[in-house]
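Residues or ranges marked as signal peptide by Swiss-Prot: 1-23. Per Swiss-Prot, the feature disulfide bond maps to Cys46-Cys78, Cys126-Cys156, Cys430-Cys444, Cys469-Cys482. What Swiss-Prot lists as N-linked glycosylation site is Asn49, Asn87, Asn93, Asn123, Asn203, Asn355, Asn436, Asn491, and the listing cites sequence analysis. Under the heading active site, nucleophile, Swiss-Prot lists Asp154, citing similarity to another entry as support. Taken from Swiss-Prot, the feature active site, proton donor covers Asp212.
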Amino acid sequence: MNQGTKSILLAATLAAIPWQVYGSIEQSSLLPIPPMGFNNWARFMCDLNETLFTETADAMAANGLRDAGYNRINLDDCWMAYQRSDNGSLQWNTTKFPHGLPWLAQYVKAKGFHFGIYEDSGNMTCGGYPGSYNHEEQDANTFALWGIDYLKLDGCNVYATQGRTLEEEYKQRYGHWHQVLSKMQHPLIFSESAPAYFAGTDNNTDWYTVMDWVPIYGELARHSTDILVYSGAGSAWDSIMNNYNYNTLLARYQRPGYFNDPDFLIPDHPGLTADEKRSHFALWASFSAPLIISAYIPALSKDEIAFLTNEALIAVNQDPLAQQATFASRDNTLDILTRNLANGDRLLTVLNKGNTTVTRDIPVQWLGLTETDCTYTAEDLWDGKTQKISDHIKIELASHATAVFRLGLPQGCSSVVPTGLVFNTASGNCLTAASNSSVAFQSCNGETSQIWQVTLSGVIRPVSQTTQCLAADGNSVKLQACDSTDSDGQNWTYAVTGNLKNAKTDGCLTEGSVQMKSCLYERDGQVFGLPSGVQLS
């Protein structure tokens, strides 16, 4: 089958998928809000044992983490024996876990926690232990018998079988696990690591293809590189920023019942400053990403416990709307992100990526607040202080610090239009409006000309020129007066595949000279990030 035919068939398949249906048993109630808890990997890797987990459960129950919502304790790789039993069942390492995993499950449950486990979709785990390939039903039943309700399924040692591409092989294996879990009386939470094995290449097509199907099969997906482990070489902050940047490319996939997972929180990593640790937590909270701590819990400091149990930020993370914060603006120094919250409030998160303190005024119009003569209440979610703002909010941020504000919208001022960057996810370039009605893709520079409003009817207009609308005519794209007779040319739909399709031309926006071309499946030049809250077609 040639690539063109395959693209057409794949696009047709994606068009037929009911994107509101997610999760292992095709219901969002299995995991309506992101999970919170503990995993040993980034801190201890294979150096795990029974005592580590009992001490962790004891500490989390005593120091406020459990009561703050961190109610899951998950094993990672290296928990098992190197051989299955005579009947093919997995066995735990009896030296590391002398009382056994069923006993450990009972122990952590008695402390108020759920218990999760790790396996691999290949014939071996990443650490060289038995994988679940060809043992899926048996292993799922074993885990349930042991008292486990959460499965992280890795993707090491997966090889394409005859007649399948590697992406198709992963889809078959994770799809089979989805079927197995769906038949269980009490399905396990399904954390999929498949996308991580396709991230970071020169072409994102396979990565996005995997991202298209993981939300249908499970509740969360590890989408990119592992966070730096405690003993690893390199910069922990750079590792956090790497995973943060990957996560910003994927907001269109997230909704209640499915969550993008940029990997663990590492609050006791010695390579991080206090501001960097707090930023890590605040950014993941703003994303409504899983909050899974990988640290030596008994030794966490009071300050680390304090920010990890920040009620206001946890409330944002656990907000039932489950929107992922997206870029309102970005330049080389500041990232400004925003999203809606279920009660109608608006979130503002600002990250200083630079190496010096920055002061900036941020117009409320950049945050999607379009009403004039309104006064909003802005609550600082770090210290609880509030201030009244009207046309802008002033931010002062130290290097690598993150500010988070919750904006209350008074009656009569509650109108919000999804607002922010329209950027190509492969190049990172931002759609930019010019004063001569032309548009171009340029490096993101924090200018108002790169900030766009996207209305419910599919109209896209720059905040710098709100009487002008993005329009397509033939192969060209330009700005023209809104509400003109060419309304179809100003109407756009946004798909989960990242395509921005025009109603008049039936083509898709394409980076380059900013033009319309035939819509292709997950092609780099046609995959765009838009503000959260934009309706998917």
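Even glycines carry a Cβ here, placed using N, Cα and C.
Positions of the features from Swiss-Prot, shown on the structure.
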residue: Cys46; record: disulfide bond; CB count, 10 Å: 15
residue: Asn49; record: N-linked glycosylation site; CB count, 10 Å: 16
residue: Asn93; record: N-linked glycosylation site; CB count, 10 Å: 17
residue: Cys126; record: disulfide bond; CB count, 10 Å: 20
residue: Asp154; record: active site, nucleophile; CB count, 10 Å: 25
residue: Asn203; record: N-linked glycosylation site; CB count, 10 Å: 12
residue: Asp212; record: active site, proton donor; CB count, 10 Å: 22
residue: Asn355; record: N-linked glycosylation site; CB count, 10 Å: 9
residue: Cys444; record: disulfide bond; CB count, 10 Å: 20
residue: Asn491; record: N-linked glycosylation site; CB count, 10 Å: 20
Neighbour count (Cβ, 10 Å) for Cys482 (disulfide bond): 17
Nearest-integer angstrom distance between the alpha carbons (Cα) of Cys126 (disulfide bond) and the residue listed as 'active site, nucleophile': 8
Shortest C-alpha distance to Asn355 (N-linked glycosylation site) - which of the recorded positions Cys78, Asp154, Asn491: Asp154
Minimum Cα separation from Cys482 (disulfide bond), reported as the residue among recorded positions Cys46, Asn49, Asn123, Cys430 that achieves it: Cys430
Asn123 (N-linked glycosylation site) CB neighbourhood, other CB atoms within 10 A: 15
Where Cys469 (disulfide bond) falls in three-state DSSP terms: strand
Spatial separation of Cys444 (disulfide bond) from Asn123 (N-linked glycosylation site) - C-alpha basis, Å: 44
Nearest-integer angstrom distance between the alpha carbons (Cα) of Asn49 (N-linked glycosylation site) and Cys444 (disulfide bond): 47
